[in-house]
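Data first, discussion second: the structure below is written as structure tokens.
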Amino acid sequence: MGCDRNCGLIAGAVIGAVLAVFGGILMPVGDMLIEKTIKREVVLEEGTTAFKNWVKTGTTVYRQFWIFDVQNPDDVAKNSSKIKVKQRGPYTYRVRYLAKENITQDPEDHTVSFVQPNGAIFEPSLSVGTEDDNFTVLNLAVAAAPHIYQNSFVQVVLNSLIKKSKSSMFQTRSLKELLWGYKDPFLSLVPYPISTTVGVFYPYNDTVDGVYKVFNGKDNISKVAIIESYKGKRNLSYWPSYCDMINGTDAASFPPFVEKSRTLRFFSSDICRSIYAVFGSEIDLKGIPVYRFVLPANAFASPLQNPDNHCFCTEKVISNNCTSYGVLDIGKCKEGKPVYISLPHFLHASPDVSEPIEGLHPNEDEHRTYLDVEPITGFTLQFAKRLQVNILVKPARKIEALKNLKRPYIVPILWLNETGTIGDEKAEMFKTQVTGKIKLLGMVEMALLGIGVVMFVAFMISYCACKSKNGK
């Protein structure tokens, strides 16, 4: 009887030990299986989970616009006063709803090339008004004229055309005209062939972005989605030195197994440069743990604050010999037009940039850019891209509309908030197929290990106690 009991206790302890060992073994084996599955499914080729969502995003993406309506146009033009602005919006469009086109796999260098069609559909229910709402804004053509044509004689000719067309420093335009283009009366009088259509995003609809060529990750998963070339080149030809390099992905996804210490690099054709985001915090997105990476203030800092930015300063006068910060001159990739990009309301910009403008209220939470990345797959499940478009206008003695200006202005035209969040159905599917399975496996591993250890200890204690009792 005692032997049977002792044997039973030993058997229980052995079973506990086996369960504990099995649970311990399952941890690295399970992690290896998860890693193998993830590596297979994030490859950009037909049949994988990543490819299906990569070709056409399953997330609805909206682009909201706030327009800076100028309240004192005559006072500015006559007296070079501070520009008083009032933001109006949001006006919302649905974007990025078209699938990638001309998708071509290259098995030799393990890349896939494509173009991204552009399109925007107005969403009245998500907007404060209609596309016909009017705004008083800087006259884009008049402001750009002396910047592009600096010869005095040419400016005299342009001045006569500006006066003949009854154009001035400011103009009234509808939302639709301002964003997507309008026939400019001044440019229509220019006696040689030039584009007479002007708009902040003209041309956009029915155009494509690319050609992009990205690594598909089949031979090296650490390179998946990283851009190999853009428009057939590995550099942009806009910036000197390393600032001209195309780095990282397009921010829709990143190589898997993202760590908090990693700097996420990505290229944005909207701002004509590569940029980066750093870890900010952990958040829960519809039950999915994600890492929030944020665009740091350092990204638009002056070379004095961040020496790595020295090659983004290509102009010495407006930038006060490269000491100003928070704005980026992207004129070289906008056909020489004086276009400057910043964060909304000149967030993180130097005081000299925002001082001539009244009515701005920068707010970190409302105006910063962030990416919410699921760390195991590297998929971006939520994002907010926030940018402001500004135009430089300078005094021009030969152009009457600008001759009274006593200083240059970087004039805010609008700011945009492009957002996308994984839908509820997609989130549930993601949890079921990815995070749910990983969580379940982890629970099984810990349960086996925990139960095994408890069984082993309990049965061994009982065995020792029983043996001690029998010995007496």
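We number each residue from 1, going along the chain as drawn.
The backbone N, Cα and C atoms fix where each Cβ goes, and this holds for glycine too.
The stretch that Swiss-Prot tags with region 'Interaction with PTK2, PXN and LYN', taken from the ranges 57-69, 317-329, 369-381, 460-472, is 460-472. According to Swiss-Prot, CYS243 forms a disulfide bond with CYS311, chosen from CYS272, CYS311. Here the candidates are CYS313, CYS333, and Swiss-Prot names CYS333 as the disulfide partner of CYS272. Swiss-Prot records N-linked glycosylation site for one of ASN79, ASN102, namely ASN79. Local packing around the Cβ, expressed as the count of other Cβ atoms within 10 angstroms, is greatest for CYS313 among the disulfide-bonded residues CYS313, CYS322. Look at the Cβ of each of the disulfide-bonded residues CYS272, CYS311 and count the other Cβ atoms within 10 Å; the largest number goes with CYS272. According to its DSSP assignment, CYS322 (disulfide bond) is coil.
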